[in-house]
């Protein structure tokens, strides 16, 4: 594979550029017989869609998905499911002035050096627009995991720039533009984001994604550990610079007597492991956090060079998210779903018939 | 692949249990013609070897490696290189009392549930002993990367429990038992580790690994990004709970105007990116940090359950590292080497002949 | 991968059903910088297109290809190339009567048992319509191989049913409906095929495909041998039941003194090896033959069963090729191109810089 | 993967050279809980072992296998099973004189050109000695397939040079040195092989391998068809030049009315398909044939060149099989087992719970 596929048994192969005819993917390995229609996928796409509030890019894309194959009479057939999202709002003129320069913090520079050719229209393949594909594929995975195992995958922002956002309730996450789990923080966040935009700057973020009801036993040690594949999947989202499982970097100052989650007949007494031990799910919640860098494209003048290596100043105008982290919540959920379904299938292949006498301990967040 | 191979073109397939006949791997994809002998590998293995100070496990393993194939008259032939390390110090009696119980924070529980069978001797496959294999395979990768590109890969501890260890100099890292880059901290660390051991406890750690002289252009977006594969590789090391590239979680509170590394005709002005933009290397240092949890096996009594689900108390005696993070430094270096060589080969396959007119900008740590 | 991708470095992921919205693929791994437009692909598709003579299916499909991604300003960018061919002539009524029965020799029976669900419209995914995708992807591979190495890949029919077709000249192959390399045989073949159709029957075929100018050294022993990957690629074409390299089954009665191709300073003295020794190309022509079974769908009544397991008689009417082998020639060429480009890239990855002092011996057909 | 692994879920990674320290493999993906010991594997190895009759190479190798990992208390644990066979009879002097020349029909030439380095000791990696590894890994696969599904995999020679060997009975196959299923042919074969040896020549062969009791539904269209993976597996055996499924090349002259196997409530009426339709198993016997070229290494003088490209004459003395096809029977059985177990696991992953109402039709050989 040349880098645009992920998953061994539930494989997503992605294609498309920001300003080309469209983006999409082929999902190979979805088990047959599951009810599936475009509306199932569209619901998730609409959560990530641009233009939904003033705090995200104002590009107008309906992100309408078409299922090209793999579904017959409303059910998956076991054959590849191809999804296509046509690009409609391609204002390439916004980007024309940057074709010969490199934006600080942007993939312009590396794509140019790697391929010797570069599609400057909206960042081409490096655009975060590709993440719509992940959300679409993830919607299929989410549906199957929920139907087969009752798995629920949800995310929320835990920090935007300097503002920490505590967890209050899942119920409010989809009702505010920040995927905040505490609605009392929304006004503060609105004002904060307005000030960032006014200063022609952008800001980083931190988010968390949780999968509940994952059975014990998923994950393939020693390399394709469940947490290793999660780290891969999260780090391959545009702009992510750090990933944590469970206690994450907090474990550095923990003692073993604190970190190691005790077991009781009623379940684990805590979840510092984040639902994974030895690379295999414990039956507790899978608990993942990640850091997302501030948007690279800002309207302030910055030092850079052009293709000839000459010093220039660059300002990036156009329609950019002032905090790319905000719309990353549904993307991170999708990525977690893609990892989990792949390991569900791998586990079914290898250990399908293993029966263990011990009662399975229900996981719970500590 | 069932989880014990990593790398697409430079593929390491690992085998072996802590107390079985031995551990080892097959390295498939090493380019032909490189000088290689057992001493090249042994030098790296000796850095990770148990029993080198009182701060690590006292298990006595010489970790002597045998090259079984793939080398003829001192040169690699392009065929698979099989490496074997026999286990010699297998005191299985140390572990006999835990066969029917689960240690908090340990993979006992998940292996049992996954496979329905469990090798209790020293943790079996889940033992950190497997990491010797990575160091051995990584030694081959390191050598090739250095010979072909002058790449240097080095790591050092940045924190052990509550004690932060600043970076002073690479020169001292291999001269103290903590892989500390500041020798003035060694006495404090010795005392700290002694106190941890006396309290029958263990502690977490944080380490950093850096690759210098990596060419611009390595990494396969959009999924097999260089940083995504690094995150996968680091998170699949036993006990790692978090991974960062460049600024890592520090980017959450950064502004775009601070985080985005400016370019100048003399090079990048900073390295918050950690050497990767858009999933492709920039030519700067690849800069990775990770968090390692405290050792699970501690001699304190802890609550747990047995296979029947009954409440018990567990104490783990035996020869365990009080801080597994310490010996992780050479392992993390090896993993970074394995990711880099795989991407070096992938890049050579896809873009071998691309020539870009722009002068390449030398990277430097900001 | 769940079976719909082929190639490690030049990866084709196929999707689509005979009577769904369309068919297509994602080509991941095409090197950047190659000139490519839809016309390059269309030319190959037109050679396989249905309805070009009375001896093939009369389904009317223009098979117009759209490039959805991976090409910018007429050049490949190194990112995935997605291709889409919309289905236009979907006369599903032709197939409606077979939804609950199984046609002898057809994949109906196995798809139903495997997936528990079946798309009866034109055979769904099992339709030979999918092979258009291979021809489209193969056109890209062919172009690159020709531009980089001067490789020419051509095929011709060597037998249709009882009629053997000797090789006279490549020049006439594309000028008759049978891909025959001897135009003096065309009248006989026309009459033969007319008689097969009149008898409501179908017939098998044999074809040969040759690649010229392949460099010495491609192929990855010991499993991913060049000839093993060719055998896989040819056998995965619908209806192929046998594959030969070089002397093929003729080698059974050969002596070693006859079969082993002698070497001379001017080149090999013969090519019984078919251009592959030890799984690696020799520099001679790659020479492959295959057997293609007669079309399963025939208008004669045949014994079968229905989904309830009851005995029935089945006749298949509709628009079927009386000899599916005829249109297989461009498909086999495409498959050979896909295998060769993948091994070209794999070789470049592993052995890119190997220089051997010995003069390379030009291959030639014995 | 760099060519020395096969199988997606049951993965065999092979290593070793003819005259190095040893050969072996890592088997990753064997389901946990199966009883396994060295004797299970040794029994199959002994069938392939050199030196068992005067008609095969006289090299003395006990081919004793050691299980290095993956088995605990006599059961597979689900972790990688590493197998090691030490080389003991390495008479490298036999081969010393050929280090600078190329033997006609041998991989010397291509290895040299590919890798720029060559292990001349007994052919190094290109030696048929590597096939012992396949037999060892295949023994594990065979055992699992038999225990889980009652699958029986057996092979027999159908032709050696000019002598066809009809099928009479499986019972006699292992009781004669030729794996002949008709003992009345053994005397003729003995005399024939003696004459071949006396003439300092070698001869080709044809063999057949059959798997009984394979369930309907295995195989992953459209590329990883069961028959495509079988073709790959057989063609990657040293010296195989052709592969057939079912009617094979015989289908060229068949009519559709003859080839397409009719279905009846009692089962299929014939098995021209060879047990595979649309790339998926039908429940009938999987029936595969292959052609094996005559041994390249013969004692007659033959024209060749040396590394400088100069004309020379080459005679190969040493201990070679006069018909490499003979010992290929257990190898072909092993390869079929490896393909089947991989598809068994893939099927279990994707379609584990599909239940089809139709009664499954027992397959039978037509």
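In case you wondered, yes, glycine gets a Cβ from its N, Cα and C as well.
For the FMN site, TrEMBL lists C:125, C:126, C:127, C:238, C:239, C:278, C:293, C:294, C:295, C:296, C:297; matching the candidates C:255, C:303, C:319 against that entry yields C:319. Between the alpha carbons (Cα) of residue C:295 (FMN binding site) and residue C:54 (NADP(+) binding site) lies a span of roughly 16 Å. Largest CA to CA distance in the FMN binding set (C:125, C:126, C:127, C:238, C:239, C:278, C:293, C:294, C:295, C:296, C:297, C:319): 44 Å, whole number. If you measure from the Cα atom of residue C:127 (FMN binding site) to that of residue C:54 (NADP(+) binding site), you get 20 Å. Contact with chain A, taken as any Cβ pair under 8 Å, is found for the binding-site residues C:125 out of C:54, C:125, C:127, C:293. Between the binding-site residues C:54, C:293, the minimum number of other C-beta atoms within 10 Å of a residue's C-beta occurs at C:54.
Note: the Cα of residue C:239 (FMN binding site) and the Cα of residue C:48 (NADP(+) binding site) are spaced 16 Å from each other. Annotation for the binding-site residues C:127, C:295, C:297: lowest Cβ count within 10 Å of the residue's own Cβ, C:127.
Comparing residue C:48 (NADP(+) binding site) with residue C:293 (FMN binding site), their Cα atoms are 18 Å apart once rounded. For residue C:54 (NADP(+) binding site), the nearest neighbour among the listed binding-site residues (C:125, C:293, C:297), judged by C-alpha distance, is C:297. Applying an under-8 Å Cβ distance to chain D, the binding-site residues C:48, C:54, C:127, C:295 reduce to C:295. Long-range neighbours of residue C:125 (FMN binding site) (same chain, six or more residues apart, CB within less than 8 Å of its CB): C:16, C:17, C:18, C:111, C:119. Take the CB of residue C:239 (FMN binding site) and look out to 10 A: across all protein chains shown you find 24 other CB atoms. According to DSSP, residue C:48 (NADP(+) binding site) sits within a helical segment.
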